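Asks: Okay, here's the structure, questions in a sec.
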Ligand SMILES: [Zn+2]
């Protein structure tokens, strides 16, 4: 009998172990109390946090185009939903995302700059950047010429590229949430929501190739973990035994 036998494909399991191992190895190597390098802050890829989700379900089933639904309708409705959910998730920590705490829109080693309508690059704080993103998305998804809701109204030729643009910006917001505000999200006990939202979003954009993988690669370590099924717990022992290090985190399923 192998009570801990992992049903995931070997490649995925290996990748998870590597990703987790990398983080654990890194977190052990700072005896002198010096400020750790940026990568060490990736609390969000630690198993005790990634295992927390509000929904354990095959997300792929949720995102594939249902038969008899128009592709553009499907993209429009999902994009609008993700915009609303990511906006809401950000709003839960927005009081901690200020011009002082987040002087730039950072995620991992990346700084995002805002390009205005004329293509001019502007440096801005993270809350300003998120505000630009949300205002733009709001404007686009409520524009009847771009996201038509009335029967018989056609989608414009630019529809797909605008959906891609929205998704790219929303990804920046999610990446910033993990990178800069994961601790606050955990303190609010909302990391299960964030993990589920993130995994759903990534599975969706992958299904329809909506974001260049070069853009999302900074979060690949997390994406690989969250977009794989959770390891099956040991079969029917009375209560799940948390590891000593994770006892103050309650799984919310
Ligand atoms: Zn911030």
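Residue numbers in this text run from 1 along the chain shown.
Just so you know, glycine gets a Cβ as well, placed from its N, Cα and C.
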Asks: Per TrEMBL, which of 212-232, 233-253 is region 'Disordered'?
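Replies: Of the candidate stretches, TrEMBL labels 233-253 as region 'Disordered'.
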Asks: Let me know the DSSP-derived helix, strand or coil state of residue 97 (Zn(2+) binding site), please.
Replies: coil
Asks: Among all the protein chains here, how many other CB atoms are within 10 A of the CB of residue 97 (Zn(2+) binding site)?
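Replies: Result for residue 97 (Zn(2+) binding site): 22 neighbouring Cβ atoms inside 10 Å.
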Asks: When you measure from the Cβ of residue 102 (Zn(2+) binding site), how many other Cβ atoms are you left with inside 10 Å?
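Replies: There are 20 of them.
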